[in-house]
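Just below is one structure, and these are the notes that go with it.
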């Protein structure tokens, strides 16, 4: 009627009859009533039905089934920590964390990396290449991930939330640093005096107290500072900029801290 070859119809009918017969056997064996099936029980029975059908297939058919998408495939386990990977190459890369092996070396500075992709990204420091550009403001980046984080400045997206105080962050590393406020963890310790810090950047700035290094110089008077923030703050002395305004009396200040001190005394005067 539909124009299919007779042999095809017979073959299809034969397979259908076999499946119906097998389904009936399974129904009896597992005491399954399709009319009473709901949700997971129906799914579990169908899964069992497919599994037992698979066991009846030839080894060749089962091998093809196991290689098909959606079917559990071979996993590669790390002998050191037990972590599993779907690809052998991913396991090899992971194992270098345990062995410390870094076979990819930068020819310009000698720094080594576990993965070739990391070396390629690093080399952009030397070449100045920044292939990832923000469509919003035109700023360019050497890494795709850095661009993704930057774009959240424009969108306001902060997908990483602290489970303790619900404060949100643009990237995962900032969230990790923030969590140390709650845990009290300070993993970065000064070798000179033993003082510990929650952020690596804070340790770097602190070390300058011991070394005397002041890499940020004022363009007006050449006075130098340990941090860029202090240098920018000092620059307001020359420009006369006073961006911090008291909402009660209108007086303005160059530093936020100075405004805070003033507001305490200002509010006391107004209440008298």
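Just so it is clear, glycine is given a Cβ too, placed from its N, Cα and C backbone atoms.
A helical conformation is recorded for residue 98 (Zn(2+) 1 binding site) in the three-state DSSP classification. Remark: residue 98 (Zn(2+) 1 binding site) has 78, 80, 81 as non-local neighbours, by Cβ distance under 8 Å and separation of at least 6 in sequence. Summarising the annotation, Swiss-Prot assigns Zn(2+) 1 binding site to 78, 81, 94, 98 and lists similarity to another entry as the type of evidence.
Annotation comment: Swiss-Prot describes 106, 109, 122, 126 as Zn(2+) 2 binding site, evidence class similarity to another entry. Within 10 Å of the Cβ of residue 106 (Zn(2+) 2 binding site) there are 14 other Cβ atoms, across all protein chains.
What Swiss-Prot lists as Zn(2+) 3 binding site is 140, 143, 156, 160, and the listing cites similarity to another entry. Under the DSSP three-state reduction, residue 160 (Zn(2+) 3 binding site) is assigned to strand.
Note: residue 213 (Zn(2+) 4 binding site) has non-local neighbours 207, 226, i.e. same-chain residues 6+ apart with C-beta under 8 A of its own C-beta. What Swiss-Prot lists as Zn(2+) 4 binding site is 197, 200, 213, 217, and the listing cites similarity to another entry.
Residues or ranges marked as Zn(2+) 5 binding site in Swiss-Prot: 246, 249, 262, 266. Counting every protein chain shown, the Cβ of residue 262 (Zn(2+) 5 binding site) has 17 other Cβ atoms within 10 Å.
The compositional bias 'Basic and acidic residues' feature in Swiss-Prot is assigned to 50-65.
Annotation source Swiss-Prot lists region 'Disordered' at 50-69.
Residues or ranges marked as zinc finger by Swiss-Prot: 76-98 (among others). In the predicted model, residues of the zinc finger (76-98) average a pLDDT of 93.
Residues or ranges marked as zinc finger by Swiss-Prot on the basis of sequence analysis: 104-126 (among others). Helix, strand and coil residue tallies for the zinc finger (104-126), in that order: 11 helix, 4 strand, 8 coil [DSSP].
Helix, strand and coil content of the zinc finger (132-154), in residues and according to DSSP, is 11 helix, 4 strand, 8 coil. Per Swiss-Prot, the feature zinc finger maps to 132-154 (among others); the stated evidence is sequence analysis.
Look at Swiss-Prot and you will find 160-182 (among others) tagged as zinc finger, backed by sequence analysis.
What Swiss-Prot records for 188-210 (among others) is zinc finger, and it gives sequence analysis as the kind of evidence.
If you look up Swiss-Prot, you'll see 216-238 (among others) marked as zinc finger, on the strength of sequence analysis.
For the zinc finger (244-266), the number of residues in each DSSP class (helix H, G, I; strand E, B; coil) is 11 helix, 4 strand, 8 coil. Feature annotation from Swiss-Prot assigns zinc finger to 244-266 (among others).
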(message) Are there binding-site residues among 94, 106, 122 that sit within 10 Å of residue 143 (Zn(2+) 3 binding site), Cα to Cα? If so, list them; otherwise say none.
(response) 122
(request) Taking the Cβ of residue 160 (Zn(2+) 3 binding site) as the reference point, list residues of the same chain whose Cβ is under 8 angstroms away and which are at least six residues distant in sequence. (result) 168, 169, 170, 171, 172, 174, 175
(message) In whole Å, how far does the CA atom of residue 156 (Zn(2+) 3 binding site) lie from that of residue 266 (Zn(2+) 5 binding site)?
(response) 35
(message) Can you give me the residues near the recorded Zn(2+) 5 site, meaning same chain, not 246, 249, 262, 266 themselves, Cβ no more than 8 Å from the center of the site's Cβ atoms?
(response) 248, 250, 251, 259, 263, 265, 267
(request) Kindly report the helix/strand/coil residue split of the zinc finger (188-210) according to DSSP, in that order. (result) 11 helix, 4 strand, 8 coil
(request) Give me the Cα-Cα distance between residue 106 (Zn(2+) 2 binding site) and residue 94 (Zn(2+) 1 binding site), rounded to a whole Å. (result) 20
